[in-house]
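Asks: Relevant sequence annotations retrieved from Swiss-Prot are reproduced here:
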MOD_RES   Gln1  pyrrolidone carboxylic acid
DOMAIN    1-107  domain 'Ig-like'
Amino acid sequence: QSVKESEGGLFKPTDTLTLTCTVSGFSLSSYTVAWVRQAPGZGLEWIGILKSSGSTYYASWAKSRSTITRTQNTVNLMBSLTAZDTATYFCARITHGYLGLMDVWGPGTLVTVS
């Protein structure tokens, strides 16, 4: 069971970021998947989640600018970037609760906004 993020890269403010989280070994109809990020020198910050039902929930700051969608085996994040969005972005599987135990993590992908 694994998840893996697509490649990040170098972006400019106002660019649209599109990241894909590819899952294997489990079904998105049975698990919630979260997108989280970690800016340099900072802690983890959640962006949003996609529940097994297909419902999405977002952090307050992300509601107006982020969209999470899914296909059969991917969870996709689209985000309108600002200069403060440089971070390593991760997807993770949640096993319990709204933002409960995240037991399967991707390696992360670095997004630089400059």
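Cβ atoms are placed via backbone N, Cα and C, with glycine included.
For each feature listed, report its degree of burial, its nearest neighbours and the pertinent distances within the displayed model.
Replies: Annotation note: Gln1 (pyrrolidone carboxylic acid) sits in a coil segment as assigned by DSSP.
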Asks: Test of understanding: give the count of other CB atoms lying within 10 angstroms of the CB of Gln1 (pyrrolidone carboxylic acid).
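Replies: For Gln1 (pyrrolidone carboxylic acid), the 10 Å Cβ neighbour count is 10.
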